[in-house]
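Have a look at the structure below, then the notes.
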Amino acid sequence: MRKPTALIILDGFGLREETYGNAVAQAKKPNFDGYWNKFPHTTLTACGEAVGLPEGQMGNSEVGHLNIGAGRIVYQSLTRVNVAIREGEFDKNETFQSAIKSVKEKGTALHLFGLLSDGGVHSHMNHMFALLRLAAKEGVEKVYIHAFLDGRDVGPKTAQSYIDATNEVMKETGVGQFATISGRYYSMDRDKRWDRVEKCYRAMVNGEGPTYKSAEECVEDSYANGIYDEFVLPSVIVNEDNTPVATINDDDAVIFYNFRPDRAIQIARVFTNEDFREFDRGEKVPHIPEFVCMTHFSETVDGYVAFKPMNLDNTLGEVVAQAGLKQLRIAETEKYPHVTFFFSGGREAEFPGEERILINSPKVATYDLKPEMSIYEVTDALVNEIENDKHDVIILNFANCDMVGHSGMMEPTIKAVEATDECLGKVVEAILAKDGVALITADHGNADEELTSEGEPMTAHTTNPVPFIVTKNDVELREGGILGDIAPTMLTLLGVEQPKEMTGKTIIK
């Protein structure tokens, strides 16, 4: 008889003391409450930096399953760069250092370009400020900024505040000048509208386009003509004698500080592809030996990468497979990619000894119409698998609290919680009957907050903690755990050694 170790993820099941608008608290859930009272339990943080997101940002299913399966904090790009700056690793980055060394040796210029805002979707201006401070520290004299104005991830007329903030940092560091200004409509096209990108390229390389004495003047003039941040024409900042402050020339270096690839690829290709054919770049095609991209943009961009992709080796699924154990991943359609692709660290293929069961989600317009979704079918299939002694490790996702929770409707969400509790009982009893152990948790909150304080539907995820129960009375659990600690805890229970790549810490004392 196999003694299964099962991870039961109650998707969207957060914990909050306040009962108002809280479907989790208002639902009748004798099984969950019984396990909470009977077995060792604690709560885990499932949002913000604990899961690799910016501080205070709610978690989501993709990030949650990625962290749980990886057994470590998987930093998203924005947070990864923020942490590198905070911990002093940013300045030591070899790719940045190589670009700086190149321009110092050749007496050439360093150009910084990217989206100038604090939107945090494609870029963050703090990353550019860190580059200005690094250039100043390393004694780079010629530093030029090619600012892409936002107006989309932030307010439509906010550019001036970001220009002011940049001026402050340039004043503080003694380095940097604005060279070109352009709305993201031109510089960050992703739909192969190359005529837009060409305008931006010609401003940066040839100094072609409307000219202004300052970035402020450019923005003021655009506003006067009814053109706001996103759509500002690629413009050139000029000196008193009307010559461009800077153009991009041979042997200059570029650091493109956008971290999200999709809208960075086209403009990067113009500068890095020797055989670029989308438009005629003209006589002057600067040779840039050091073109640095903040993250990996695309195979089509021939640049250096400052923050290389994180390879998630030795995820829980891989370690379990290497130990020769049989594992099952089971969910209904809505959460199937989460227990497979995301849980395996972005890997589609199954590991040796891995089996997958997909139960179709019901075909309804919205899940509040059928709060139980396909949970009974998922449960029946799983209980059958457990009774047949087929698997050592089980990864199960119950989707209801999240998918129905997104409706912001109390009654259906309470029903979803109650159906989840009923099926949780069936699964846990089947596991205990085999002398197995269940770990009951969630990837983030949702059903725990269905109404705003004004009584409006609250459809988003929450930042509340999630439960963690181990159905085994001879263990003690510590406080302060995170989702990345679950896999190490499972390995402890399985008696399998934790690999060094898994930096999470077991929750068992």
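Each Cβ is built from the backbone N, Cα and C atoms, and glycine gets one as well.
According to Swiss-Prot, the protein carries these features:
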| type | residues | note |
| --- | --- | --- |
| BINDING | D11, S61, D443, H444 | Mn(2+) 2 binding site |
| MOD_RES | Y35 | phosphotyrosine |
| ACT_SITE | S61 | active site, phosphoserine intermediate |
| BINDING | H122, R152, D153, R184, R190, R260, P261, D262, R263, K335 | substrate binding site |
| BINDING | D402, H406, H461 | Mn(2+) 1 binding site |
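Feature annotations (Swiss-Prot) mapped to structure.
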residue : record                 : CB count, 10 Å
D11     : Mn(2+) 2 binding site  : 26
S61     : Mn(2+) 2 binding site  : 24
R190    : substrate binding site : 13
P261    : substrate binding site : 18
R263    : substrate binding site : 20
D402    : Mn(2+) 1 binding site  : 31
H406    : Mn(2+) 1 binding site  : 21
D443    : Mn(2+) 2 binding site  : 33
H444    : Mn(2+) 2 binding site  : 26
H461    : Mn(2+) 1 binding site  : 26
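The most densely surrounded of the recorded positions Y35, H122, D153, judged by C-beta neighbours within 10 angstroms, is H122. Summary of the Mn(2+) 2 site environment: with the site residues D11, S61, D443, H444 set aside, the chain residues having Cβ atoms within 8 Å of the Cβ mean position are I9, G12, A46, G59, N60, G64, H65, H338, D402, A442, N446, H461.
Mapped onto three states, the DSSP output places D402 (Mn(2+) 1 binding site) in helix.
Measuring Cα to Cα from H461 (Mn(2+) 1 binding site), the binding-site residues that fall within 10 Å are H444, out of H122, D153, H444. Of D11, Y35, S61, D402, all annotated as recorded positions, the residue with the shortest Cα distance to P261 (substrate binding site) is S61. Taking the C-alpha atom of Y35 (phosphotyrosine) as reference, the shortest distance to any of the binding-site residues D153, R190, R263, H406, D443 belongs to D443. Taking the Cα of S61 (Mn(2+) 2 binding site) as the reference point, the closest of the binding-site residues H122, R190, R263, D402, H406 is D402. The closest partner of D443 (Mn(2+) 2 binding site) among the binding-site residues, by CA position, is H122; the full candidate set was H122, R190, R263. The secondary structure of the residue listed as 'phosphotyrosine', as reduced to three states from DSSP, is helical.
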